[in-house]
Amino acid sequence: MDPEEVAPLLEELRSRPFLNGRYDAFQDEPSTWTAIPERAARCLESMRRREHPVAAVIRGIPIDDEAIGATPLDWSDPTFRQRTQHLELLAVAFATSLGEAFAWDRQQDGRVVHDVFPIKEHADQQINSASTMRITWHVEDAFHPHRPDYVMLLCLRNPQRAATTFSLADDWDLPDHVVDELFTPQFRQLPDISHSIDVAETEPRALLFGDRRHPYVCGDPYYLSPVDERLQAVLNQWYSEVERTMRDMVLCPGDLLILDNYRAVHGRAPFEALYDGRDRWLKRLCVSRDLRRSAAAWVQGNRRLLDSTALASTAVVNA
Ligand SMILES: NC(=[NH2+])NCCC[C@H](N)C(=O)O
Ligand SMILES: O=C(O)CCC(=O)C(=O)O
Ligand SMILES: [Fe+2]
């Protein structure tokens, strides 16, 4: 995308009052999303309606490295959201071509747009703010029936050139008996630590579901409950197939990566964080195709804020 194509929209978004991550009114306003460049809108429409492509990157969103200021070191900095709100709003505008960006009440203070940057205390944990530790591959929010249909990552800076990794379910070549087991609801998926949920009783789920020829995937192996030996062998076969088909993408400032969270898994390579205000920094959005499915989890009637502990669903469960 030619940066000129979004410059006027970005300029307009810069003049918005500070909303502190509460974008409900903005999201309700149809005029905000009609303005995104046509080629990008067509790509997103194709992801939504044809489920193809499964992963896409839109390049050329202008990032003013000086104006966005320092990469935060933790959550105490009161200014970083103001400095980057126009980029958050732009990302929300793109998301609206796919569906609805939404927030989890217990993740990043219920904000619709998440910040992904390294935090010293998390360096070796399985969380987005890790660095020296690889983020093992996963479906985003795999434990939850109302997990996002799409994940969007907008890169503000990435001097370490840490790669985002992903693998597409359509690329996996698995023996029938392995597919059978993965299609059987017999795996317990626990929430990852970014959701601050202690224990959650989860129903056994399948890791693959839908059309056997083009399966949907739902799993975060690091946070799966232990299984017996026979199933462990099955899982290991799946894991090596995912590893074999894993791709790397180094996001550069202004790159917006969109992943279909039903048809791809993703993770991130380790990197060395410096905590000098120049570290890698992304904005992340969870996007749903249909917020009606999650009505039972809406927090106080807010359809874009989901209670992550509300796991029961009468509508859609992937089992
Ligand atoms: N295998 C994993 N590391 N899973 C957790 C992924 C990252 C998590 N969604 C977060 O926001 O921090
Ligand atoms: O940092 C990245 O490139 C992706 C990290 C990730 O998996 C996430 O934030 O959900
Ligand atoms: Fe992720």
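Cβ atoms are placed via backbone N, Cα and C, with glycine included.
Among the features that TrEMBL reports, Fe cation binding site is placed at HIS138, GLU140, HIS266. Long-range Cβ neighbours of HIS138 (Fe cation binding site) (same chain, at least 6 residues apart, Cβ-Cβ under 8 Å): ASP192, GLY219, ASP220, PRO221, TYR222, TYR223, VAL265, HIS266, GLY267.
Residues annotated as 2-oxoglutarate binding site in TrEMBL: THR164, ARG280, ARG284. Here the Cβ of THR164 (2-oxoglutarate binding site) has 23 other Cβ atoms within 10 Å, regardless of which shown protein chain they belong to.
What TrEMBL lists as domain 'TauD/TfdA-like' is 92-285.
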Out of these binding-site residues, HIS266, ARG280, ARG284, which one has the fewest other C-beta atoms within 10 Å of its own C-beta?
ARG284
Residues with Cβ closer than 8 Å to the Cβ of GLU140 (Fe cation binding site), same chain and 6+ apart in sequence?
ARG147, PRO148, VAL151, ASN261, HIS266, CYS286
8 Å Cβ shell about THR164, ARG280, ARG284 centroid, 2-oxoglutarate site members excluded:
VAL116, ASN128, LEU153, CYS155, ASN158, ALA162, LEU251, ARG268, LEU282
THR164, ARG280, ARG284: which of these binding-site residues put a Cβ within less than 6 Å of any ligand 3 atom?
none
Determine the binding-site residues, out of THR164, HIS266, ARG280, ARG284, lying near ligand 1 in the sense that the CB is under 6 Å from one of its atoms, and give them in sequence order.
none
Identify all same-chain residues not among HIS138, GLU140, HIS266 whose C-beta atom falls within 8 angstroms of the centroid of the Fe cation site's C-beta atoms; report them in sequence order.
TRP137, VAL139, ALA142, VAL151, ASP220, LEU259, ASN261, VAL265, GLY267
